[in-house]
Amino acid sequence: MAGLRVLLCLGALLARQGSAGLQLLLNPSRANLSVRPNSEVLPGIHPDLEAVAIGEVHDNVTLRCGSASGSRGLVTWYRNDSEPAFLVSFNSSLPPAAPRFSLEDAGALRIEALRLEDDGNYTCQEVLNETHWFPVRLRVASGPAYVEVNISATGTLPNGTLYAARGSQVDFNCCSAAQPPPEVEWWIQTHSIPEFLGKNLSANSFTLMLMSQNLQGNYTCSATNVLSGRQRKVTTELLVYWPPPSAPQCSVEVSSESTTLELACNWDGGYPDPTFLWTEEPGGTIMGNSKLQTLSPAQLLEGKKFKCVGNHILGPESGASCVVKLSSPLLPSQPMRTCFVGGNVTLTCEVSGANPPARIQWLRNLTQPAIQPSSHYIITQQGQSSSLTIHNCSQDLDEGFYYCQAENLVGVRATNIWLSVKEPLNIGGIVGTVVSLLLLGLAVVSGLTLYYSPAFWWKGGSTFRGQDMGDVMVLVDSEEEEEEEEEEEEKEDVAEEVEQETNETEELPKGISKHGHIHRVTALVNGNLDRMGNGFQEFQDDSDGQQSGIVQEDGKPV
C-alpha cells in the first residue's frame, strides 16, 4: 500500500504540467460524458481535466480514461470518497472491487446496474512513460417514476372523466419523485394548440377561481429529470358543466303524419343535455324517457294530463318538472254583423284553450267545404285568431250565417255569425227627418205653454199693442171642458146680469172713460156661481166708488 501511495504522488506531480484548458465531450450509450477543468479529484492531487458522465439507475455506464484511444499503459480506476477506493485495474493481480466494475478497451471503466450510491467522483490513473490522472464525475439519475395529478373537481363520470360546475373553484396539483428533483410543468389544450401554464420543481399547484366553458379541455402535467431528460406526463380531461337556466317547458305538437300527438319536453340551455321521464297523471304511469313522447289514440282525451321530469347531472336531485294538459278549442259567441251593399266587412274568430293549437276554418254551412281565399274572401290568421274579410257585399250572395270552426285532435268546436246586408242609408233624408222632428217638438212645446199659461201670452200681446198699463183686468181660471158643458145655462144667466151692469156703467160722465177702462172678463171658477157672483159684486162696488169720486171732483168749482 505504501508503494501505491508513492506512485500516486509521482503521478500527481507529472499531471500538473498538462494542459488545463482542454474540454472533452463523450456520448457513450445511455450516458453523457463531458470534461470540465479544475474539478474535484483525489485529496492532494490537482488533475489536468475532469469529465462528467450521466447514467440512470439500473442502467450501465462507461467512463472513459482521458481522450486517448488505442493501446494504453497500466490503467487503474479509483472511487474518490473520503479516501481513494480501488475499483479495478489492468493489473491482473488486483481483482475488481465488485463484479459490476470492469475495464474495456482503452482503459474505460464499465459499471453495470447503476445505483444511486454510485453517484460521485472517479479517477483514472494511467502509467506509461509517465503517470497521468483523469478525473471523471458520475451523475446517477433516477425517475421520474410516476406523476400524480390531483384536481378538486365537482364530480367524476363513470368512465373516470372529471367535471366541474361552471363558476366553481378548482384546485390543480401535480407532483413527482426523481433524483435529482424533477421539473414539473402544466399545459392545457382546449383547442388544437396546447397552452403553457407554468412550471416548478418537484410540485406545481394552481387554482382556477371561476371555471368557465373556455377552460374545458385536457390538462397535462409533465415531470422531467433535468439530468437524464427522461420525462413522464399525465393528461386529465376536465369538463365544465352547467344546468339549464330555467324550468322545463312542456308542449304538445301534432306529429309529422298529422294523425297523432307528440309530447315535447324542452329544457335547453344546459350542458350536458338532461335526461327526461314522461308519466301519465294521475297515477304516475311511466310512458317513456325521451324528449319526445308519442301518444296513442286512446290517450287523446279532454283534460288528460302528462308530466315530464327532467334530471341534470348538477341537480336538483329531485329534478325539475312540467305538466301538459290536452284540451279542445273554445269559441266565444259572436254578435250579428251588418254590411252595406257594395261595402266591406270583417268577421273575427278568437280561439282559446286549445292544446294543441287548433286549425281554424270559415264555412257558409257546416256541410259545405271551407271558404277558400279569393278576391271576394280574404282570410288572415295570426296565432289562434282568424279574420274573414268580405269585399263588395251582396245581399243575395253574402247575407246569412258564417261559421268559424276550430279543430284539433282532441275536439272540434264551431260558432256562427249572422251577416245582414242592407242598402246604404240616405243621409239627406235622415237630416230632413231630424229637422222635422225638432220643429214638431218646438210647436208642441209652444202650444202647451199657451194652453196652460194664458196670462203670459195676454200680457205680451197687450204690451205689443201699446195698451195703457192702468187698465183693469180680472183673470179667473176656467174649469175643465166637461164641467163647462154642464153649467152652460148658468153662464148665460150670469152673462145677462153682467150686461145690465155694463149698461149702467156706460151712463157715467165721458171724463171718466178718458182716463180709465173697465175690461170684463167672465169665467166660471170650479162651477161655483156664488163665488163668482161675490167676486163680481166686489168688482162692481169698486167701480161705483170710483164713479162717486169722479163725480165729486167734477162738482168742484173751477
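Glycine too: its Cβ is placed from the backbone N, Cα and C atoms.
The signal peptide annotation in Swiss-Prot covers 1-20 and rests on sequence analysis. The N-linked glycosylation site feature in Swiss-Prot is assigned to N32, N60, N121, N150, N159, N218, N344. Taken from Swiss-Prot, the feature domain 'Ig-like C2-type 1' covers 37-140. Annotation source Swiss-Prot lists disulfide bond at C65-C124, C174-C221, C265-C308, C349-C404, citing sequence analysis. What Swiss-Prot records for 144-235 is domain 'Ig-like C2-type 2'. Marked as transmembrane segment by Swiss-Prot: 427-447. Positions annotated as region 'Disordered' by Swiss-Prot: 477-515, 532-558. Annotated compositional bias 'Acidic residues' per Swiss-Prot: 477-506, in sequence order.
Locations of recorded Swiss-Prot features on the structure.
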residue	record	CB count, 10 Å
N60	N-linked glycosylation site	16
C65	disulfide bond	25
C124	disulfide bond	25
N150	N-linked glycosylation site	13
N159	N-linked glycosylation site	6
N218	N-linked glycosylation site	13
C221	disulfide bond	26
C265	disulfide bond	24
C308	disulfide bond	26
C404	disulfide bond	24
In angstrom units, rounded to an integer, how far apart are the Cα atoms of N60 (N-linked glycosylation site) and C265 (disulfide bond)?
68
Take the C-alpha atoms of N150 (N-linked glycosylation site) and C221 (disulfide bond) and report the distance between them in angstrom, rounded.
10
Which of N121, N344, all glycosylation sites, has a Cβ with the fewest other Cβ atoms inside 10 Å:
N344
Is N60 (N-linked glycosylation site) helix, strand or coil when read with DSSP?
coil
Cβ-Cβ neighbours of C349 (disulfide bond) (radius 10 Å):
24
For C174 (disulfide bond), which residues in the same chain are close in space, meaning a Cβ under 8 Å from its Cβ, but six or more apart along the sequence?
V147, E148, V149, N150, V184, W186, A203, N204, S205, C221, A223, V234
Pop the Cα-Cα gap between C265 (disulfide bond) and C124 (disulfide bond) into the table, whole Å please.
83
Per DSSP, what is the residue count of the domain 'Ig-like C2-type 1' (37-140) in each of helix, strand and coil?
6 helix, 47 strand, 51 coil
Work out how many Å separate C308 (disulfide bond) and N159 (N-linked glycosylation site) at their Cα atoms, rounded off.
28
Nearest of the recorded positions to C265 (disulfide bond) by CA-CA distance, picking from C65, N121, N218, N344, C349?
C349
Using Cα positions only, nearest of the recorded positions to N159 (N-linked glycosylation site) (C65, N218, N344, C349, C404):
N218
Spatial separation of C404 (disulfide bond) from N344 (N-linked glycosylation site) - C-alpha basis, Å:
18
In whole Å, note down how far the CA of N218 (N-linked glycosylation site) lies from the CA of N121 (N-linked glycosylation site).
44
